[in-house]
Amino acid sequence: MSRLRSSSLEIREKGSEILREQLDAAQTELKLKDKECERLSQVRDQLEQELEELTASLFEEAHRMVREANVKQAAAEKQLKEAQGKIDVLQAEVTALKTLVLTSTPSSPNRQAHPQLLSPGTRAKGTSPRSGGGHTRNKSASWALPLPPGGNLDPPSDSMQPVREDKEPAVPALLSLIMCLVPGHSVSVTYEPYWAEEGEGPQSLCRQMDNVLYAEFLTWKERPSLDRTSAFLGRIYREDICPCLSFTRSELSQSVQSAVENNSLTIEPVSMSAVPVVKASAVECGGPKKCALSGMSRSCKHRIKLGDKENYYYISPSSRARITAVCNFFTYIRYIQQGLVRHDAEQMFWEVMRLRREMAVVKLGFYLNDTDQG
């Protein structure tokens, strides 16, 4: 009996030992699997973080490319418009010069067709500029004095001779000749006579730089930004932008100003034949006959959209001119900030002053209608 008991105890001890070994192996294997799960979880978290960073960088790169494309498109459209204007002027000049060659030569000019070639004495005997006998220039070179009782016309004295007679360029004569020889053609020629540059003439526009404004501009130009806390932009906001975008509906005016600052405002023409479809109330969005900003009954040929909002707001020509003037200012400021303007500081300053003058004029109610702008 004792032997049986000892053998059974021995079997039990061996069995328990085997079970302990199996338990230890299972626990070791479980720990290894826990470590593997933890490592895989860390790998998954790292991959998710890298995927988020990659997605963010891709979106940022896409937005940057879109902004650069918009800037390049705007610059290309501006250059195309300027080139088309120059082409129109050159075509008109070529046509006029061809006509000039056919009708007049240097050795035998057609003085009846070109009265500016006549001498002062001959012009005094012929038709006056007011009688409609041809195109004459009311310049300093076309002086005329009343005849004395004897009928003799003495040469004018030194005190009565035209000032800077020899400095007036010959370009105005050519341009006036071109305008006469091309009837029925609309030619846009920008010409400033010499007295406009030197402050002469009865309606000359003089200008003088304000030292305070120029100093503020130079300080801002060193580190250009759209931060309105700077002295330069703070003054323009206070004196031009805020008054120009101040309409009857103050809440909508603030939204328009924010959209202009964020470069997310859209202006598009309205088809008069189309029926307006808006989701907001008619009082809020206006209509083809009522401006949403001023609340006045006006013919609204354009509408605006603020950022990603679905509502369209109908605006009158006056409101459109005010918004456009502010947008033009911000566009030029952004060009300076992005380094796209290749002018010196003084030229940039005078362009900014010109844009400020546009805002000052339109906020007082003066603007060009569509026919004048076309």
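Even glycines carry a Cβ here, placed using N, Cα and C.
Computed from a predicted structure; not experimentally measured.
Listed in TrEMBL for this protein:
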type     : residues : note
COILED   : 16-100   : coiled coil
DOMAIN   : 17-99    : domain 'GDP/GTP exchange factor Sec2 N-terminal'
REGION   : 103-166  : region 'Disordered'
COMPBIAS : 103-113  : compositional bias 'Polar residues'
COMPBIAS : 150-159  : compositional bias 'Low complexity'
Residues in the domain 'GDP/GTP exchange factor Sec2 N-terminal' (17-99) grouped by DSSP into helix, strand and remaining coil: 83 helix, 0 strand, 0 coil
PLDDT averaged over the residues of the coiled coil (16-100): 90
